[in-house]
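Student: This is the structure I want to talk about, given as structure tokens.
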Amino acid sequence: MDELDLGWDDEERPSRHRRTRATASRTRGRKKGRGGRTFLALFISLLVFGGLAYGAYVGVDRVKDMFTAADYNGGGTGEVTVEVLPNQYAADIAATLAEKDVVKSAKAFIEAAKKDERSKKLQPGFYKLRKQMRAADALSLMLDPKSRLVNKVTLPEGLTYQDTFKKLSEVTKIPYEDFEKAAADTKALGLSDVWFARQDGKQVAKSIEGFLFPATYDFPPNVDATAILKIIIKRFNQEIETTGFIDGVQASLHISPYEALIAASIAQVEGLDKDQEGIVRVLYNRVYSGKFPCNCLQVDSTVNYYLRITGKGAKPSTELLNSELHNKKNPYNAHDVPGMPIGPISNPGNSALKAAINPPKHDYYFFLAIDTAGNTAYAKTYSEFEKLWEQAQKNGVK
């Protein structure tokens, strides 16, 4: 405001000087007593005053222009894509809009944002706008959800990598095969080699299964499969760091993070969130206690996983054939092969990951869904398990 006041002073100062000179001229004319000259002086004075009035009007208009943000008058033409980054200020967004010629000046957008409380709700992402828009109109368009260019995808917990790729492909229109190809290089996607080391010496299935963190994602337009998978892996890494998964598993369980991730992936498909800690502890009891036959998991979910990824489809436990349960060609065979299977069987969410870090200890070796709601019951012996199974069947569980 100080600069504005100074500007006004500079515009007024010349007009006072002119008025002084004109008055002196008229006084000299009167002293000489010449009527003609007096009339001429009066006429000139009128011209001077008229000129000054016009000059003052023009001057005020110019001053206003100096301190009013340049803005377009229309609603804009054509199309242009603008990206708003996370945690950007209005000034940063305004500068981008001005560079793209969406608004005439950054200041115009800043002023429009100050006047509109809704501007605080502006979300990061890509927006389809028009060029040469009135700043207020540009802001309104950005606040319209229809203007956001996003590929919103929700990945629920427990999907396999195949189901995940299908869902991503459906929304983004990127071919399924592109995701398969991009997933082959796990290191390039951001996965550390620490994930593919096991302490039990077993073979590792070096794949992306287990790392496609379930969440809702807003993918920007014009990205490829590799960029999308990198975003998902980045989110997985953030969750792992937040939960302290790697250090927690190694400190409390003395097993590799990969083995714990496998346990989390099994618990994810076997039970509700509230039951996942108990289920993971059963898995650990079976594999690491040395008190369960062959230290084998003997869970049907690993069998069904293999049936899914080979295109045969999952089955209820009561319909699984003996040849499927004990298929030696199944690398995920957990009925006859000790330890955790060679890799995760689903993509676990936050609850299952936390459950696998250090679940409360108990001495149960069996678990099952006791009702159609999915609630879990536990047993210490096989005879106890059989009684629970009879109850589960009465409750409609298959």
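Backbone N, Cα and C define each Cβ position, glycine as well.
Where the annotation comes from TrEMBL, it is an automatic prediction and has not been curated.
As listed in TrEMBL for this protein:
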{"type": "COMPBIAS", "residues": "1-12", "note": "compositional bias 'Acidic residues'"}
{"type": "COMPBIAS", "residues": "15-33", "note": "compositional bias 'Basic residues'"}
{"type": "REGION", "residues": "1-33", "note": "region 'Disordered'"}
{"type": "SITE", "residues": "Glu270", "note": "site 'Important for catalytic activity'"}
{"type": "TRANSMEM", "residues": "38-57", "note": "transmembrane segment"}
Student: Quick one: give me the count of other CB atoms within 10 A of the CB of Glu270 (site 'Important for catalytic activity').
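Tutor: Around the Cβ of Glu270 (site 'Important for catalytic activity'), 25 other Cβ atoms lie within 10 Å.
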Student: Using DSSP with the three-state reduction, classify Glu270 (site 'Important for catalytic activity') as helix, strand or coil.
Tutor: helix
